[in-house]
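Below is one structure, written out as structure tokens; comments come after it.
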Amino acid sequence: MSLPEPLLRAGWPRERLLRHGAATLSDPELLALALRTGVAGCNAVQLGHDLLRRFGGLRGLLGTSPAELQVVPGLGTAKACVLAAVLELARRTLEEDLVRQDALANPDLVRRYCQAALGHRKVEHCIALYLDARLKLIICAEVARGTLTQAQIYPREIVREALRHHAAALILAHNHPGGTAAASAADIAMTRQIRQALALVDVRLIDHVIVAGAATVSMAAQGHL
């Protein structure tokens, strides 16, 4: 049930957060606190509901640009920027964990990071997580962006960036918008080509994660590397 604007202005979600913790609030209520006020004919909690519905939940909101958010009627630049900043902070918490932890020992963390980075994308993107000798994240970089069904990946560019960042290993990830997370024959062939190119400069390809919405698949776990 959504709250009337006067009750929201009185701080009901805020008071509950202070007394019982943020975990007691629903997703729309948490968004309402970031938005602070609603728009014409829609209080802040209702606006939170609308955002989640329009973008397919928190996963869909993650990584949404201010311009995309402003498509929502009444959502101006200020609200869109605040919301985009909050969502980007959420994404960066996963990146911070990868900087501190061994990626090989934390496959679930890697999959969650890749899903957060790619699960909401409408066209194919490929990213590379460049890792140091302790398998901690140095940097995550986009290496390809394509269409709904494909992204052109150049192994030489991935190798060049690995050398530039002094990486000892890396993890690739790409998304299948609107499809399944299963590796295609082309995915397998390209992955093996990249692995061979990296091996020439003593850089190890640890995994290639495929993302389709909320689903992720490890090509290493499936024996495709």
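Cβ atoms are placed via backbone N, Cα and C, with glycine included.
The annotation Zn(2+) binding site is assigned in Swiss-Prot to His174, His176, Asp187. As annotated by Swiss-Prot, domain 'MPN' applies to 103-225, with the evidence given as sequence analysis. The motif 'JAMM motif' feature in Swiss-Prot is assigned to 174-187; the stated evidence is sequence analysis.
Other residues of the chain with a Cβ within 8 Å of the Cβ centroid of His174, His176, Asp187, the Zn(2+) site, are Glu124, Cys126, Asn175, Ala181, Ala183, Ser184, Ile210, Val211. Least packed by the Cβ count within 10 Å, out of the binding-site residues His174, His176, is His176.
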